[in-house]
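**Q** According to TrEMBL, the protein has these features:
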{"type": "DOMAIN", "residues": "92-127", "note": "domain 'EF-hand'"}
{"type": "DOMAIN", "residues": "163-198", "note": "domain 'EF-hand'"}
{"type": "REGION", "residues": "686-719", "note": "region 'Disordered'"}
{"type": "REPEAT", "residues": "346-437", "note": "repeat 'Solcar'"}
{"type": "REPEAT", "residues": "445-529", "note": "repeat 'Solcar'"}
{"type": "REPEAT", "residues": "541-625", "note": "repeat 'Solcar'"}
Amino acid sequence: MPPNAKSSPSERVSSSADRDELLAVFNRYAHHERLGERYMTPHEFLQDYLGYLKGDNIDPTTLDILSALVDLNKDQRITITEFVNFESLLLAPDSLYRLAFQLFDRQGQGFITFDDFRYIISATKQFKEFPFDFDSEFVSTHFGAKRQRQVTYKEFTQILLDFIDEQTIQTFRKFDKANVGYISLKNFEVILKELRQYQLSEFISSHLNDVIKLSNPTTSTNQISYPYFIAFLQLLSNIESMRKIYLAICEKKTHAYRSPTITKEEFLTEAQHFPRTTPLQIEILFAITHLLHRTNPTHENDRHYIELNDFDLISAHEHLLPYRLRSEIVDECYKVEHQSILLKVLESSYRFALGSIAGAVGATAVYPIDLVKTRMQNQRSTSIVGERLYRNSIDCFKKVVRYEGVFGLYRGLIPQLVGVAPEKAIKLTVNDFIRDRLTLADGTIPLWAEIVAGGCAGASQVTFTNPLEIVKIRLQVAGELQSVRRPAASEVVRELGLRGLYKGARACFLRDIPFSAIYFPAYAHMKKRFADEHGYNDPKSLFISGLLAGIPAAGLCTPADVVKTRLQVQARKGQTKYNGLVDAFKKIYAEEGWKALWKGAGARMFRSSPQFGFTLLTYELLQRALNVDFQGRKLEGSKHLDQQQYSPKSRSSIILSRNPDHVGGFHLAQATFEGIETRFGLAFPKYKSSSSPSNEPPSSLPPLSTLIGVPVPKLSSPH
């Protein structure tokens, strides 16, 4: 059942999708029927539903192995029961291990035999490069001398980790043919990049030789001893433990602001409380961070130290695993739901202030276009007064500069800047506030909720901005007639009075509510569209998103804007007067036709689009730069990370499915499949070995290295 209002964030994130929803999705993909029961084949489930391993040249063994993961009964039929059970499995606390066990349990018996183990290991890419010795003592110890022992799930979880070390040690011994306890640097590089690539970060991979030179205790850096070999591998496997040592030191430095820098001496002292950590591992760790700091000109280069963000730069993929993602979602939901009233008020005030600054920047950037738009909309096609002042927007722009000077383009800017503070600030703050409250526990927000949030934002601004906008418009059109004295803003306010300041308010509602209801959802979806493969938006993508979202929002709301302008501008002698919203619509249509309702549409789009582009760009960059944490929800696309501590390119978000049919746990399916390789190194060839790389067909699934933002370096050939 769907989570109720009283369930905790953890329960909601970890709960399965509604069975009726799962059934509806299943029926869309289950095209076969047997004895009145619908089903899909394992291949159809993997390729058509999950969208995994699509193409004509997929390795058939890999396809069969991964397809069998969900086929619990091993009968080549995925029924609704298996479909529901697999979705629950993806949300299990130990989903990676259970999925790996299911991978090896080829007969669906609930245990693993030696034949199962050998079949799966033999199908991996690592085995093809470095065949595993199945006659080794490791196999005898775990499966018995006669290979008769059946391994249970809990036993398997330990065997799998032991196997990773055993495979690497066997390869070391093969390279150490003279049995002297050393291998060459070249061979060490091959082992890391062939067998432990999934544990290598981009930085370590590209600076491996320099790391060894700084940390290798042997007399020759071209020789890698067995103890150094083991220490290096254990460090790669235990980066998270190193992070815990760092955090333990930080807890003792309660006076420190942000994450402090920790010296090697401090780290060694604290590491004694962690028995699996050795001084040699720490020596390698600080050699890596020293090189890392040397590549950054803002860091000190003359001393060895470590910072919190270093762990994300030197760890490969630990933070990309499914359970880490769910943990982050739960943490954020918990913080949002337990945010105090004081923090909510402070957060809204903070966003209001940033929105004011952002709005001022956006308004100033495009104000000349706004002035031209206003004057074009106020020009009557059938005016009794006389000639038309402007032929088009360009002509209007030229005449303003000619007769009023460059500063004439900024007539009414001051009240606009005064008004833009509550207008943009309230709009941005209310939209963010409503979105936060309507966001679901898994971090997603329905389209209807986005529209409601945008509409509320548009409605909230009118009360504060209508008086300022009517003053701005009166000042903008005051310069059209040279014979008329140009009034000051205070004179306009006195003339209008309190009631007059809200003239045209209904038209403002008619314009601003649909504008914001269109703009903010469009902006949110444009951000996702232009985000990089990790979900991060750089300044360019933010500006383009704001620019494009403003086009339909501004264009479609032009008729309401024309009516609002006519109602708010004081009619001159001989011009038609309007008695309200409906009367204005009727008279404009009767006297000037439908085209009059779209006057200034081009100028309005040309003004609103870049204005909101600049406004939203400034708003988001200010939030990222200041990075004030009120324990609320972070901006989407900003990676909800401290930008001073984390590099967006080095810490990528987990790959979540955006397919609306991937409900419940299925939105973690692709990440979990990749997690088997990320955590356990069980990489299977994607394509048939008979095809050359240049002939490999494009797959709907990018390589794992591409998904997590870590390019695979060229591998050296063993000698």
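Each residue, glycine too, has its Cβ placed from N, Cα and C.
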**Q** Under the DSSP assignment, what numbers of helix, strand and coil residues are found in the repeat 'Solcar' (541-625)?
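**A** Tallying H, G and I as helix, E and B as strand, the rest coil: 69 helix, 0 strand, 16 coil.
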**Q** Determine how many residues of the domain 'EF-hand' (163-198) DSSP places in helix, in strand and in coil.
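**A** Going by DSSP assignments, the domain 'EF-hand' (163-198) contains 26 helix, 3 strand, 7 coil.
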**Q** If you average pLDDT over the repeat 'Solcar' (346-437), what do you get?
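**A** Its mean pLDDT is 78.
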**Q** For the domain 'EF-hand' (92-127), what are the DSSP-based totals of helix, strand and coil residues?
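**A** Tallied per class, the domain 'EF-hand' (92-127) gives 22 helix, 1 strand, 13 coil.
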